[in-house]
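Visitor: Below is one structure. I have some questions about it.
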Amino acid sequence: MKLALGSDHAGLSLKKEIMRHLEEKGIEFKDFGTYTADSCDYPDYAYAVAKEVSNKNYDFGILVCGTGIGISIAANKVKGIRAAACSDTFSAHACREHNDANIIAVGERVVGVGLALDIVDTFLKSSFQGDRHQRRIDKITDIENKETI
Ligand code: RB5
C-alpha cells in the first residue's frame, strides 16, 4: 500500500506524527508538503495529494489541516476523489465501508495524536463493502460527470 500525505502549516505537526507512525508500521508513503511551519494555503496541498490519488499513483491519501475540513473540501474538487474529514473511529471505518473514501482528512486542532493515529489505522484496515453502496457511489460519480464542463 502506497500513501500520499499532505498538510498545511496548521496540520504539519500531526502529519509528522502520522509519518512516524507509518514508518514504524513499514507503510510506504510520500509527503507532498508543506514542509515548514510557515503559513500557507491548504488547497495547494489538497490538490497535490488528490491528483496523485485520482491518477492512481497512490492507493490512498492522508491530509491534515487545522480542522480537516478545508483540506477535504478542496480535495473533493478533484474528479474521482472522495475525501472524508474524520474526528472519530466510527466515521473512519464507515467512510471506507460505505463511501469508498480514498482520502482521509484529520484536524490537528480537533483531535489528539492518539486518536488521530487510531483514525488513520482504522481507515487503512477497513474495506469498501460494495453492493448497495456501489450504486450510491455511482450516483456521486454521475453528479461529478454532469458538473464537469
Ligand atoms: C489555517 O489557519 C486553517 O484555516 C486551516 O488549517 C483549516 O483548518 C481550514 O479548514
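Count begins at 1; order follows the chain as displayed.
Each Cβ is built from the backbone N, Cα and C atoms, and glycine gets one as well.
Below are the features listed in TrEMBL for this protein:
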- Cys65: active site, proton acceptor (ACT_SITE)
- His98: active site, proton donor (ACT_SITE)
- Asp8, His9, Gly66, Thr67, Gly68, Ile69, Gly70, Asn99, Arg109, Arg132, Arg136: D-ribulose 5-phosphate binding site (BINDING)
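Walk me through the surroundings of each of these features.
Guide: Using a 10 Å Cβ-Cβ cutoff, Cys65 (active site, proton acceptor) registers 32 neighbours. In this structure, Cys65 (active site, proton acceptor) is part of a beta strand by DSSP.
Within 10 Å of the C-beta of His98 (active site, proton donor) we count 15 further C-beta atoms, all protein chains included. The DSSP secondary structure for His98 (active site, proton donor) is coil.
Long-range neighbours of Asp8 (D-ribulose 5-phosphate binding site) (same chain, six or more residues apart, CB within less than 8 Å of its CB): Thr34, Cys40, Asp41, Tyr42, Tyr45, Val64, Cys65, Gly66, Ile71.
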Visitor: For Gly70 (D-ribulose 5-phosphate binding site), list the number of other Cβ atoms lying within 10 Å of its Cβ atom.
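Guide: I count 21 other Cβ atoms within 10 Å of it.
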Visitor: These are the binding-site residues: Gly66, Gly68. Which one scores highest on other Cβ atoms within 10 Å?
Guide: Gly68
Visitor: Please find, for Asp8, His9, Gly66, Thr67, Gly68, Ile69, Gly70, Asn99, Arg109, Arg132, Arg136 as listed binding D-ribulose 5-phosphate, the greatest distance between any two Cα atoms, in Å.
Guide: 39
Visitor: Sequence order is fine: just name those binding-site residues in Gly68, Gly70, Arg109, Arg136 with a Cα within 10 angstroms of His98 (active site, proton donor).
Guide: Arg136
Visitor: What residues, ordered by sequence, lie under 8 A Cβ-to-Cβ from Arg109 (D-ribulose 5-phosphate binding site) and sit at least six positions away in the same chain?
Guide: Ala10, Gly66, Thr67
